[in-house]
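The block underneath contains the structure these notes are about, expressed in structure tokens.
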């Protein structure tokens, strides 16, 4: 399912970038929408809110930073080249 959703996401993302070529804005909007979605799930109780501590947040910050950089980079790549080539580049990821 992850691969199927990833393919759909990439194609929809490329279509959006063809219509509105602002990869930084689109990637920021996507990350904000997913954060808002999770916030709604936590508030309604459909998903239990995680228990956070300062050491956990400090450990999570580099992961969050690199996830954000990777997401913005992928959106920028999809805006600059064909989705198929971007998949070739992504296949080199560890």
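Numbering starts at 1 and runs along the chain as it is shown here.
For all residues, glycine too, the Cβ spot is worked out from N, Cα and C.
All annotation found in TrEMBL is predicted automatically rather than curated by experts.
If you look up TrEMBL, you'll see 1-94 marked as domain 'Sugar phosphate transporter'. Looking only at the domain 'Sugar phosphate transporter' (1-94), the predicted model's pLDDT averages out at 86.
Within the same chain, residues 13, 16-17, 68, 71-72, 74-76 sit at least 6 positions outside the transmembrane segment (24-44) and bring their C-beta atoms closer than 8 Å to a C-beta of that stretch. Summarising the annotation, TrEMBL assigns transmembrane segment to 24-44 (among others).
Residues annotated as transmembrane segment in TrEMBL: 56-89 (among others).
Residues 10-11, 13-14, 17, 21, 23-24, 26-28, 30-31 of the same chain lie 6+ residues outside the transmembrane segment (56-89) yet bring a C-beta within less than 8 angstroms of a C-beta in it.
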